[in-house]
Amino acid sequence: MATDQNKFQAIISHCKEYGFIFQSSEIYDGLSAVYDYGQYGAQLKKNIRDYWWKSMTQMHENIVGIDAAIFMHPTTWKASGHVDNFSDPMIDNKDSNKRYRVDHLIEGFAETLEADAAAALIAQMEELLKENDFAGLKKLIEDNKIKCAVSGTVNWTDVRQFNLMFSTQLGSVSEEASEIYLRPETAQGIFVNFLNVQKTGRMKIPFGIAQVGKAFRNEIVARQFVFRMREFEQMEMQFFIRPGTQKEWYAYWKEERMKWHKSLGLNPANLQYHDHVKLAHYADAAVDIEYNFPIGFKEVEGIHSRTDFDLSQHQQYSGKKLQYFDPEINQNYIPYVVETSIGLDRCCLMILSEAYEEQDLSTAEKQDSRVVLKFPAKLAPIKLAVLPLTKKDGLPEIARELMAECKQHFYCYYEEKDSIGKRYRRQDAIGTPFCVTIDHQTKEDGTVTIRHRDSMAQERVPMAQVKEIVMKKIME
Ligand code: ATP
């Protein structure tokens, strides 16, 4: 698998240096696998979230959005199977005490092998995972002499399950307090509200409920920046359908979601499907959409055919009927569900990875380079930088007029300091698609120089056209 650790490290440093993503509680040396989004990261994330929300809800007349609480009745997680099943097989190295997720340990080793040998090893692993054959997995690790990266030894414990849910106490008095969980996925907030939404929204099957929100997982090995976090954000949509139609709807959403990824301007060669071999306890079919990160092809989104598992379980555990009367066939049934589930943080990392470019611009006369984030204009945190050439001669006043006109429509950035060249470079580094320079000619004929981020081409246009030029690009 082709990976580019240098590029990955460069993106992490860039995110920190330019206010996209910081380690949480950095002044206390950080908290492992928890991250804060800075001024540009938060805006990038919001733009992706809004784009997803719009394409799911506004663009589908039969999908509505909700916002359920993070805390849920603890029985929810018993019913959903998370208390008993939401765990990963793990193994500890006895010499270093370092804990590994078994699949990550084996996959990491497979990356060091030739393609055929790696594929054979992964196939063996997936078969054993499917059978929950822990002894077999340990033997596979031992037979391949897979070593701990820290101790360099093969002195392993048995393989065990590790539940990924965080728990806490609800209630002020300890005797009365009950144990509750921080949700490990947003989906259950949708299932328990299925009837509320169906009835109050007079929804007819097929219909969907979408939601964006935080989820928490006590990941065993949390690494790889915002790819694997302990607190992260999910964008999920549950599509409720008539039993027996799940194959068609699964195929539909599989294709529809791939189209969405391509609409983000991603190179299609960087996207692929990966069918699940080991299905989750609730699924009858599942596929991942993977993106070619600098650390290799990895999951960004899962599409799962969840059958009627969740609603049946909630009906059983709550004792409340969760059925739908289908007037077209005159029948009551528990709907089947096809889910699309995408991680917002992974999506940010995907957009950053695709956009990040180091360019050598040296000529015979001088050395030059730039780092540019080639975000699609609709996702860029700042759309337009307004730059008066000097701080005097009335240029800032004209620049302020343009700011006032544009900032009602999209995010703008105003800057007077430093040479225009330096200011351009700073905007390239945060991915601003357009810079406009106001100079002395502007005072004479009302034109400005607009500079395009990717081509670095500059053209003279009437200032009155700037807003339209930017708006047109954002709408693409
Ligand atoms: P993985 O196999 O990588 O742990 P998963 O299959 O458990 O992921 P799902 O339960 O299908 O993931 O969750 C749906 C989406 O939520 C994933 O495709 C991913 O984008 C995101 N996600 C899951 N776990 C994390 C995490 N720890 N950090 C960031 N995003 C996550």
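Note that Cβ sites are derived from N, Cα and C of the backbone, with glycine treated the same way.
Quick look at what TrEMBL annotates:
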BINDING   ARG101, GLU185, PHE232, GLU233, GLN234, MET235, GLU236, GLU339, THR340, SER341, ILE342, GLY343  substrate binding site
DOMAIN    165-388  domain 'Aminoacyl-transfer RNA synthetases class-II family profile'
BINDING   217-219, 227-232, 299-300, 343-346  ATP binding site
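Shown on the structure are the features that TrEMBL records.
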residue	record	Cβ neighbours (10 Å)
ARG101	substrate binding site	18
ARG217	ATP binding site	22
GLU219	ATP binding site	18
ARG228	ATP binding site	20
ARG230	ATP binding site	19
PHE232	substrate binding site	20
GLU236	substrate binding site	24
VAL300	ATP binding site	21
ILE342	substrate binding site	24
LEU344	ATP binding site	21
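In sequence order, the binding-site residues near PHE232 (substrate binding site) (Cα within 10 Å of its Cα) are ARG217, LEU344, ARG346, drawn from ARG217, GLU219, VAL300, LEU344, ARG346. Other C-beta atoms found within 10 angstroms of the C-beta of THR340 (substrate binding site) number 23, with every protein chain shown included. Regional average pLDDT for the domain 'Aminoacyl-transfer RNA synthetases class-II family profile' (165-388) in the model is 94.
Taking ARG217, ARG228, PHE232, THR340, LEU344, ARG346 as the candidate binding-site residues, the subset whose CB lies under 6 angstroms from any atom of ligand 1 consists of ARG217, ARG228, PHE232, ARG346. Distance between Cα atoms for ILE342 (substrate binding site) and VAL300 (ATP binding site): 6 Å, as a whole number. Long-range Cβ contacts of GLN234 (substrate binding site) within its own chain (separation 6+, distance under 8 Å): GLU185, THR186, VAL212, GLY213, LYS214, ALA215, SER341, ILE342, GLY343, LEU344. For the substrate site, whose binding residues are given in the record as ARG101, GLU185, PHE232, GLU233, GLN234, MET235, GLU236, GLU339, THR340, SER341, ILE342, GLY343, the maximum C-alpha distance rounds to 26 Å.
Nearest by CA distance to ARG217 (ATP binding site), out of the binding-site residues ARG101, GLU236, THR340, is ARG101. A straight line from the CA of ARG346 (ATP binding site) to the CA of GLU236 (substrate binding site) spans 14 Å.
In terms of C-alpha distance, the listed binding-site residues ARG101, GLU236, THR340 place ARG101 closest to ARG230 (ATP binding site).
When the Cα of GLU236 (substrate binding site) is compared against those of the binding-site residues GLU219, ARG228, VAL300, the shortest separation belongs to VAL300. On a Cα basis, ARG101 (substrate binding site) lies 9 Å away from GLU219 (ATP binding site). According to DSSP, PHE232 (substrate binding site) sits within a strand segment. Taking the Cα atom of each, THR340 (substrate binding site) and VAL300 (ATP binding site) are about 11 angstrom apart. Under the three-state DSSP scheme, LEU344 (ATP binding site) falls in the helix class.
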